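> The following feature annotations were taken from Swiss-Prot:
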BINDING   Asp18, Ser68, Asp451, His452  Mn(2+) 2 binding site
ACT_SITE  Ser68  active site, phosphoserine intermediate
BINDING   His129, Arg158, Asp159, Arg190, Arg196, Arg266, Ser267, Asp268, Arg269, Lys343  substrate binding site
BINDING   Asp410, His414, His470  Mn(2+) 1 binding site
Amino acid sequence: MTKAVQIKNRPTGLIILDGWGHREATQHNAIAQAHTPNWDNLLKDYHHTLINTSGLAVGLPEGQMGNSEVGHMNLGAGRVVYQELTRIQKDIDDGRFFENNALVKAIDAASNRDHKVHILGLLSDGGVHSHISHIKASIKMAHDRGAKVYVHIFTDGRDTAPQSALQYIEELETFMKELGGGRIASVTGRYFALDRDNRWERVKKAYDAIACGSAEFEAKDAKEAVELAYARGENDEFIQATVIPRNNGKPARVKDGDSVIFMNFRSDRARQLTEAFIMDDFADFHRCKTPVLSAFVTLTEYKKNFEKFGALVAYRPTSLRNTFGEYVSKKGLKQLRIAETEKYAHVTFFFNGGVEEPNDNEVRILINSPQVATYDLQPEMSLPELKEKLIDAIKSGEYDTFICNIANPDMVGHTGDFNACVQAAEAVDEALGEILATIKAVDGEAIVTADHGNMEMLFNEETGKPLTSHTTFPVPFVYFGKKGYPLKDGGALCDVIPTLLDMMGIEKPEEMTGTSLIDKA
């Protein structure tokens, strides 16, 4: 067993306020308008700076907003991690996408036997889970290889404006018309199709529409499906499953021999629907039909064991050596990861560079997120329980370091409900005050930062409607430590862990190209 190195300031922790961005203006800024005495005192008493969480600084295209997956990958890696969005788009631009082995195999397996190719994906340019340009490329590829293509679209309204689906549908319909192939077969809001919290009754609605052509609603085309949803009071995220029959009046459902291609590049929200299609022993809801597919392709690796069930992976993960978790584990140190359900994958899988298995001496605490339809109904979420568990862990003296995600700013921010966001900010402030007081009492230190912005801007000035997506504003970085070192400006997420290691008195590994933001000059 590796002999543990002796670290300074035990425990030294990282507290990620998910979606807590910085914006000078106070209008439409829930953080600025909330009563946050602990946060105000933290900024008054401790050195702080702002860091970048979007665009090229986190391996995304210039100007692209960051997100939780990207943020936690960059954080845990201590280097800029070039994201799947960028990687796949580059392949499309270079033409390599159209030669991808998994995609070619799936398309040809269906088309050579006169079966159909069904493409699933979140239709938007939000760039968080998917991108419309990728979906268009997959349609073109399947069409050019002789396949008949049906598209099952999931509407966004979360990483985009709440009622923006029609512009993406028009773009896709125009593209398919010019191409001479492709047809939208169903429309479902991401709330149902892309659940990640085991709300299987939601996923079933999407599955039934895609696999069985069965849904509560029907429309003559995708535009009408969205317009009818708006008339029912549903925004894009919550559009109920709607099938669009073919000219013969029958739905274009997935049948035996067809191939399915899931075009989301982010894994966490694509897993549950994928399981319903590929797992023989699936039991989370009754499947109306279980089509025997020629192939099921996941654009990226959604889960290690999915290939055991026959799934093909178009883009395998790039390997990241010496992420924070792996590195401190090699040093013999004990680490804690703690989050509630909505962000659990982020402080584990994504923070570890896409590795599912825990490192040696890596303890994980999962707090169940509340079972409510949307988090504006419970802005405190499960933070009171998370706070108590973390405080107990800090007091126990067991851990050398910890990574904690506080989900409220992002999850409540996505609802666009300003009053609920103010309540969420105040709940975060109260919990943060107690956590930091405990760290101080045991002579520990911490970094308080965020993975991206959200709650600091809740109004879309272009549409005049609530802004429910992330932002490109910088986020705070606070050094909660005893030494009072000033901080360097101009940092990014890749610099956070090198700073944490510096605080622990541990030299960073050579793979980490980020630098410590502590200015000891």
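Glycine is treated like the rest: Cβ placed from N, Cα and C.
What you see is a predicted model, and the numbers here were worked out from it, not measured in a lab.
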> Give me the Cα-Cα distance between His129 (substrate binding site) and Asp451 (Mn(2+) 2 binding site), rounded to a whole Å.
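Each residue's Cα considered, His129 (substrate binding site) and Asp451 (Mn(2+) 2 binding site) end up 16 Å apart.
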> Looking at the binding-site residues Asp18, Arg196, Ser267, which ones sit with their CA no more than 10 Å from the CA of Asp410 (Mn(2+) 1 binding site)?
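Near Asp410 (Mn(2+) 1 binding site) by Cα: Asp18.
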> List the Cα distance (Å, whole number) between Arg269 (substrate binding site) and Ser68 (Mn(2+) 2 binding site).
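One finds 12 Å between the Cα atoms of these residues.
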> Between His470 (Mn(2+) 1 binding site) and Arg196 (substrate binding site), how many Å separate their Cα atoms?
19
> Please report the Cα separation of Asp18 (Mn(2+) 2 binding site) and His414 (Mn(2+) 1 binding site) in Å, rounded to an integer.
11
> If H, G and I count as helix, E and B as strand, and all else as coil, what does DSSP give for His414 (Mn(2+) 1 binding site)?
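Its secondary structure by DSSP: coil.
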> If you measure from the Cα of Ser267 (substrate binding site), which of the binding-site residues Ser68, His414, Asp451 is the nearest?
Ser68
> For Arg196 (substrate binding site) and His414 (Mn(2+) 1 binding site), what Cα-Cα distance in Å is obtained after rounding to a whole number?
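Arg196 (substrate binding site) and His414 (Mn(2+) 1 binding site) have their Cα atoms 15 Å apart.
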> Count, for each of the binding-site residues Ser68, Ser267, the other C-beta atoms lying within 10 angstroms of its own C-beta, and report the residue with the smallest count.
Ser267
> Give me the Cα-Cα distance between His452 (Mn(2+) 2 binding site) and Asp159 (substrate binding site), rounded to a whole Å.
13
> Does anything in the same chain, at least 6 positions from Asp451 (Mn(2+) 2 binding site), have a Cβ under 8 Å from its Cβ, and if so what?
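Spatial neighbours, sequence-distant, of Asp451 (Mn(2+) 2 binding site): Ile16, Asp18, Gly19, Thr53, Gly66, Asn67, Ser68, Val70, Gly71, His72, Leu75, His346, Val475, Leu493.
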> Using a 10 Å cut-off on Cβ-Cβ distances across all protein chains shown, tell me which of the binding-site residues (His129, Arg196, His414, His470) has the largest neighbour count.
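Sorting the candidates by Cβ neighbours within 10 Å, the top entry is His470.
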> At the level of the C-alpha atoms, what whole-angstrom distance separates His414 (Mn(2+) 1 binding site) and Asp159 (substrate binding site)?
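Just about 8 Å between their Cα atoms.
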> Please find which two of His129, Arg158, Asp159, Arg190, Arg196, Arg266, Ser267, Asp268, Arg269, Lys343 have the most distant C-alpha atoms, given that the record lists them as binding substrate, and give only that distance in angstrom, rounded to a whole number.
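The two farthest binding residues have Cα atoms 17 Å apart.
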